[in-house]
Structures are given as structure tokens and as C-alpha cells.
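Written out below as C-alpha cells is the structure these notes cover.
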Amino acid sequence: MKEEEKKNMNTKPHFWRWAVASVIFRLVLIYFPKNLNLATRPEVSTPVTSLRRLAEGYWLTQSSMSPYAGSMYHGSPLLLSVLGPLTMKKIEGQPYHLLCSLVSVIADFISAMLIRATGLKLRMAYCERLKSLGLGKLFEISEILPSEDIAALVYLWNPLTIVTCVGFNTTPVENLFIILSLYGACIRVAPLAAFGWVVASHLSLYPTILIIPVILLLGNGPDATPRKLFLMYKKDEADNSSKGQVVNGLSEQKKFSLRPVGLFFVWVFIWTLYTLVLCGIFMRNYGGLSEMFNRTYGFILTVKDLSPNIGVLWYFFAEVFEFFRDFFLIVFHVNILFMILPLAIRLKHRPCFLAFVYMAICSMLKPYPSVGDSALYLALLALFFNELAEMQFSFFLFCGFIGVSLLSPVMHNLWIWRGTGNANFYFATGMAYACFQIILVVESVSAMLNHDRKIRKLVAAT
């Protein structure tokens, strides 16, 4: 333990240097928003997350009109009231883009620190599980670098995270509340987990499915021993005991704790009620909560805006016959729900990894995805750096993500501005992006299951 503490102390100065450097790099970039022109990129800003649309909604409220008048703003009224004043032309002499970007920089830094804290809890729980199974040496050998530091730096220095931060959108704020929910569940603080989950679901709807990983984290903790592995180890322990050997192992399997889960649902009800009351007060002169649900969640579920983005639904619904539109809307949305239960059953002992899988699937199938969604789940994937060290096609996926990131703006320029291409050029990059995400999910799940299989074989061998 002393050697491990010394190793962590040696890595901390390097971590903080790189973390502070990432913040400085962002602060430098936000002074050149017009040169970068990221706010208009469909890969970065979507109809749901664009701060330019939020500025339009705030201007409408200042003119005593509904923020949802027209077809520009489709976000939360609470987000409008918090960030809306920052979108004014000048506030105390500071340009509006600088103030809004500062909020994104702060949100990114806090998110990285929460990812780091979550990763530390995961690493401690994983170490404890291996030691309880008599495999403590395996942890000492495999633990080369602190995975939580790697994950935090991956999030801070990921180009997708940086362009999202500088791209004048609300994705960094949404990602912050998602991570806050997972962190609160990981440390088993029900009010914090409920607050993060309610706000994240309110802002972008799709984090709703993260309720299953959050419940598993609250009930079982960050890392639970699979029942099959536990029974196998108890059988070997009983055999050794009958032979007169002393074995230090699991005395009993941890039971699912209902108390934090019950508190979580109580706080979900409280935070949801509080959020709806605030939204109702804001919308009392603009159609009430029904108007808000119709223009936010209804807009997302019905895919009314078919402007190009990095996803695949915009092209599909632009080509599909109107008669079949409702049918395919149901198919695409239910497709996400069909994957929730099987994955939860198979990965219930690794709830944080399950959260990564859910977010990756939503990023593929949601109607208005952005690269900020990928930046979040890639950081969570880095938390399992040691477990997924043998994942196949890693280099292929790395090159694929870089290729798509470079080709997407090129194809968009050829289609929209130069007129030498068509929609198929840009849609091809979206299809490739979705395929790479599918391969990433499949290979990462396969690598995680293989890792658990190896642990099971080692337990059987000992």
C-alpha cells in the first residue's frame, strides 16, 4: 500500500499540470470564436443544444413572447433563465461569447474532477473485490497507471470535448449533470444522485435510461461480485476448509441495499416536483407546462427538425414516406428501450460500465447527437483502462474516429458551400461514425466479459 501511495503522489503533480494546461488552452481558444466558427458546425451544435437558439429564445422572452414562438428554441426554460442573460451583447463590458464559454470551461473542469473521483471509487472497489477473492497480486501487477487520472485527462484533452466547449452550446452543462448523477450514486449519496439525474433528464431526455445504472450503484456499490463467481469461490473455500486449510475470503455476498434506492426515489420525486414548479412559474404566461413538454420532449421524439447532423435519423426521415413516418419513429425509439433490460442483466455487476454502454447507444440512435456525447462516454470508457487493455481493434477505432472527424467538415463543405457534392457525401460520414460506435460498444463489452471470465478461471484455479 505504501508503494501504491508513493506512485499516486508522483502522478498527482503531472496530472494537475496537464489539467491546468487544458483549462488555459480552452481560455486561449475562446478568444477566437469567429476564426474557429465552431458554433455553426452541425457536429458540435444541434437544434437542442445551440446557444444561438437559446439567445433567440431569451430575446423572445424579453419581448414578452413565448420562448418557443417560431421554431428556434427547444431547450429547458430553466436553462434559458440561467444562461439567457449571458447571451446579451454586452454584460459589464465583456462580450457575450466569452461569458458563455467560461461557463463551459468551468463545467468541463468540474466534470473531469467528478470523473476522477468516480474512477478512484471504482478502483478502490475493484481492488477490494480482487483481494477478497485472493487475487490481490493481480491488481498490483495490472495497475500501471491510475485509471481515474487517465479518464479525467482523456475528457479534458479530447479534441471532441474541446470543440464542444468552444462551440457555444449547452452540452458541457448537460454532461456535468450526468456525471454528477453517477458520482452521487457511486458514493451512495441519494440526494446528489437524484438531483443530477433529474436535471440531466430534464435538459436532454435520454439520460432517463441511466436510472438503472444509478439504482445498481446505490444498491450494490461501484463494483459487485457476480453471484456465479461468488458461489464458485465459496465452494472452493469450503473444499479447502474441509482439508484443514485456512482461507481468507468472502464471508458472505453483499446484499442489494434497498434503503439508498428508496431514498433516491424520494429525492427524485422532490427534485422533479421542484423542477416542474419552477418551469410552471416561468411558463405561466406562455402556455404552461404542456407547451413546454410539446416544444422540448415532443420536438425530440417527433424529429421535426431535419437539418443535417452527425447522426443518421435526419437523412432517413427526409427520405421516408410520410405514411410510414410514425411507424419508424416508434421503431427507432423503442430500439433503445429493447436494449436496456438485456444489458442490465448481463452487466449488473458493473453499473458504471453499463452507464457507458447506455450513453454510447443513445449517442448512436438519438435524433440530434453531437460530438459532445461521444466525449462523455469515451471518458467513462477510459475508467476501465486496465480491464479493457486487451480490447481488439483499438487502433482501428482510433484511426476511424480521427478520419470521421476530419472528413465530416470536408463533406459538409463540399455539399453546402461548394455545391460539388450532395447529401450522400455528408450522410456517409454519419454512417461511418455510427458503425465505429457500434464496433466500439461490441468490442468493449466483449473485452469486459472476457476479463470477468479470466477472473473466474483464476478463482477456479486457486
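Glycine residues also receive a Cβ, built from the backbone N, Cα and C atoms like all the rest.
Nobody curates TrEMBL annotations by hand; they come from automatic prediction.
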From 142-162, 163-183, 205-225, the residue range that TrEMBL assigns the feature transmembrane segment: 205-225
Other parts of the chain folded back onto the transmembrane segment (96-115), taken as Cβ under 8 Å at six or more residues beyond its ends: 19, 22-23, 26-27, 30-31, 33, 51, 55, 83, 86-90, 148, 151-153, 155-156, 161, 164-166, 168-169, 172-173, 175-176, 179-180, 182-183, 379-380, 383
Contact set, same chain, for the transmembrane segment (396-417): CB under 8 Å, 6 or more residues outside the stretch: 41-43, 159-160, 308, 310, 371, 374, 423, 425-426, 428-430, 432-433, 436, 439-440, 443
Stretch-level contact, the transmembrane segment (205-225) and the transmembrane segment (423-449), CB cutoff 8 A, at least 3 pairs: no
